[in-house]
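Summarising the annotation, Swiss-Prot assigns signal peptide to 1-18. Among the features that Swiss-Prot reports, domain 'Chitin-binding type-1' is placed at 19-59, with the record citing sequence analysis. The disulfide bond annotation in Swiss-Prot covers 21-36, 30-42, 33-61, 35-49, 53-57, 97-159, 172-180, 279-311. Feature annotation from Swiss-Prot assigns active site, proton donor to 141; the stated evidence is similarity to another entry.
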């Protein structure tokens, strides 16, 4: 009786915690790249990922030809190993790079793990594509490459950590909720080159660091630096969706978006990040550079690019 009772309790827990998927739920995928069992429940053991498994049967985002795990075995660490990280950001520690030694794999993984939906939403290819897109956009923001650079221009991401090596404007706008601190500058720092007090303030609040009073932390603490980039990536700023929602297929364009030519794909992320400068006026070298990084990283992760890579014909979002 006791064994039977425990079995019933265990089944009840599964029933409460499981999320239906597959044919039993209209083809829905499990969250966090879990396997969908033949019975329509999500999990990561052989009961879910073995015989009859309906989707994401590799048991995580690290299926297929993905390089070996670094040992973390979940999330972004199951997609990109330390050695692959070094290959993708091949020259980030070059003597010519101002950020030499700053951007580490451990800081990248630690910051990513603070945002558990990053690289764990959707199927294995979607997870890989998100990693490629994030590293591509941030590589463009921090690039030290040029057309004839050794190993090509797209091997030089993460070369810088501060806009113009710190010789930049203050970037302070009057915002009562995010007041600028005396003597502080809010120029571009970190992988996403976070800029302006109205971004430093909420980013710091979200990650638990007072970046209004200590913006230099983004250029001195690598984990904090990466966290600001993931904050920007994961956070919608209306009317813009989050970059995460776009690359994982969770964003549906509104009527205004459709009228503006904004469509799902990597190009929409460029519009979110810097559309006012780069989008809506035809071919643009900066957009092409972002695409070049993205294609290289997708190729290294063994995943397709998806559609709509540029924003040449997308109208930028209105200023916030």
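Using N, Cα and C of the backbone, Cβ positions are placed for all residues, glycine too.
Distribution of Swiss-Prot features across the structure.
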residue : record                    : Cβ within 10 Å
21      : disulfide bond            : 25
35      : disulfide bond            : 26
36      : disulfide bond            : 28
42      : disulfide bond            : 25
49      : disulfide bond            : 20
57      : disulfide bond            : 17
97      : disulfide bond            : 22
141     : active site, proton donor : 22
159     : disulfide bond            : 21
279     : disulfide bond            : 28
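Ranking the disulfide-bonded residues 53, 57, 311 by the distance of their Cα atoms from the Cα of residue 180 (disulfide bond) places 311 first. A Cα-Cα distance of 5 Å separates residue 49 (disulfide bond) from residue 57 (disulfide bond). Highest Cβ count within 10 Å among the disulfide-bonded residues 53, 172, 180, 311: 311.
Mapped onto three states, the DSSP output places residue 172 (disulfide bond) in coil. Counting only the Cα atoms, the space from residue 97 (disulfide bond) to residue 279 (disulfide bond) is about 28 angstrom.
In space, 141 is the closest of the recorded positions 35, 36, 42, 53, 141 to residue 311 (disulfide bond), judged by Cα positions. Taking CA atoms as the reference points, residue 159 (disulfide bond) and residue 35 (disulfide bond) are 38 Å apart.
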